[in-house]
C-alpha cells in the first residue's frame, strides 16, 4: 500500500457464526458495519450494484449513493453492496464489492435502552447452550469500546437519495426517519443441538482454547478429554502425543528391565511390545503379601526388601496386610480421612495410612478423581479424564465424615497403634545393575573418540607418503609418481582452459597405451603418448603390413633367389611373418600368458565376455568393448580351457575378433589336446567359418603355426577340399610373393 492512500472499507455482518451457513448468508435483521483502517474518512455505499458517486449533486439524475453513519440492515433477496472511503481532502480508496443472500426473518422488538454489548451477552448465553462460540465476536466488540452506547435503530433502505454536498461545500445529511429495530441475534428455541463436526469447525474458526459449550478456559492439562466446568467432551489439541504416565502406570519391562511407562504400546527403551507383558502369565496368586511403605508394591511374605524400589519391608508382625484384599477399616467410630495414595479411609488422628504407610494430612495441590485417579484442579467440578462430577463425590464424602463425627465424637483417650515407618530402616547399600545387550556411551567416551579421530587425522597428514598438494613446478629427482600427478593435473587444467584442445581430445576412442617417449632440449620437455585407436569399423580386414625390410633381408640371404619353388617362398614368407609379429609384440609390450603358465579364475567380467561370444550371445562389439573397459581379460578361457578368441570363432562371431586382438588377445594361442589355434578352428568350420578365416588372416594370424598333428591351417584347408577357404590362403601367399618379387627387383636394380 502506497503512502497517502486510503484503505478500502470493510463490510462486516454483526452476528454469531452460524453452523452450515457461509459468511455472505444473512437475514434482514443482521446489522452490517462498514469501517476503514484510515481514520477520519467518510464511507459511501450503494445497494443496487452501481458505482458510488459521492460528488453528484441533487437534481442531476438519479442518485443511489448513501453515506454510512451507523450499522444498517439489508432487505431480503440478493443484494450487492459497493462501498468507497473518502478522506476530507477528497482522496478516494478502492471500491469494495460484497454480495449477500438475505433471508427474511420476522423482527424481534428490543427495548431502546439495551445496547449492543448487552444484546451480544444475552445472545451468547443462548447460543452457548446449543454449542455456539462467541469469543471471536467478543474480541471484535472489545476493540470498539468507545461505541458501547450504540443506537441500534434499524436504518432501512430510504425512498429518496441522500443529499450529498458538492466538492468543497459543507457537510450535511438527512436524519434517519425509520423506527428502531433490534439486531438479528435472536435465538431460535427449536434449534437442534450441534454435532461434533460442527463444534470442531466452530472451534477451529473461533478459539480452540475454550470450551465450545460453556466458554470456560481449556484445562491446563493438554491431554484432558472433558471440560472441568460443564463436563462436556473437549476436542483434543492437534498433534498431541501420548499422555504422561501417572505414578501407578510405571513398570519394569521384561526384556530390558527398565522402568518405563506402561501406557505405551511398546517399550521406550528396547521397543519390546508391552501388551503381552501386561497379560497375566499364570493364575497363581500370592496367599500372603507385604505392602512396601515406600512405593505401595505387593511383595511375597518371605522377602525382606521390595522387588520394585529395594526398600526394607515391614516384618510380618508389623504388617497387617495379607491376602489380596485390603484390611478392614478401623472399627472406631468417628471422623475418617482418605489416603491420597491407596484411597483407604483412616482415622482423623492417624499420622500414617494403615494400609500403605503414607503420611496423612498432607495438603494436596490438586483433587484426585476417585474413579480413574487422575489429578484435577482444586476448583474443578468435573474430572478432565473420565468426565464424572468430582464436586458431588467430594461433598458426599465430607457430609459422611461430618455426620459420623457429629453422631458420636471420638474420645481423645482412645489410642490406636499404627505402625510408623522407622527411621533406621536399614543400612544403605550401593547396588549395581547391568542392562544386558544395551550400551549407552557417556559424554567422556564420546569426547575421547573425537580426540582420537582428530589425532589420527593429524598423524595421517604428517606421514611421509601422504599425498602432498600439487605445485606449479614438479619435484623431479626421481619422484615419478609426483611427476605423473603433475602431468595429469596440468593436462586437466589445460583442457579446461582451451576449448579447441578439449574438443579434439574428446573425439577419438583410445585403447591401451602402446608407447611413450620423453624428449628434453634444454628449454622444453616433450612427452609423446601413443594409444591404440578403437572404432566400430573393422580396421584389420584390409590392413596391409609393410614387411619390406624383413623380406628384403630374407631374400638377400637366400641362395636360390627367385629360382626357388613356391613352397620355399611360402616357408620364407611364413617365417619372416612370424618373426615380424614377434617383434611387433615386443615393441607394443603385449604380455600374453598361456593357460599352462597361469590359470585364472573367472571374474564376473570374464564370465560375461565368454557369454557374449558364446552360443547364446550375440557378439555385439559395443558390449565387448564395454566389458574390456571394465577389466575383462581378452586372454581368458572357459571351462574347457578354450581362449575367448577361439570361442568367438567357433560360434561364428567374427566381428569380435578385431576387438579382442586390438585389446591384446593372443591370436595364435593353442588349446586342447590337438593344440589347435583359432585359425585351425575357423578352417575346420569350412564355409561357415570363411568370414572368421578372412578376419584372422587380416589380423596377421600365423599360417605356419602347427597343431599337435603337425598340420598347419593351410593343410587342413587342403584336406577339407573347400576351394573358397583355400583361395583365402592362396591370396595371402600371393600377396607375400608379390612383396618378395618387388623387393628382389629393387635389389637387382640397385646392384646394376
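Glycine residues also receive a Cβ, built from the backbone N, Cα and C atoms like all the rest.
Quick look at what Swiss-Prot lists:
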COMPBIAS  174-183  compositional bias 'Polar residues'
MOD_RES   160  phosphoserine
MOD_RES   182  phosphoserine
REGION    164-187  region 'Disordered'
REPEAT    605-636  repeat 'ANK 1'
REPEAT    640-669  repeat 'ANK 2'
ZN_FING   211-270  zinc finger
ZN_FING   339-387  zinc finger
Distant-in-sequence neighbours of the repeat 'ANK 1' (605-636), which means Cβ under 8 A and at least six residues beyond its ends: 534, 536, 592-593, 643-645, 647-648, 651, 653, 655-656, 659-660, 663-666, 669
Counts by DSSP class (helix H/G/I, strand E/B, coil) across the repeat 'ANK 2' (640-669): 14 helix, 1 strand, 15 coil
Helix, strand and coil totals (DSSP H, G, I; E, B; other) for the repeat 'ANK 1' (605-636): 17 helix, 0 strand, 15 coil
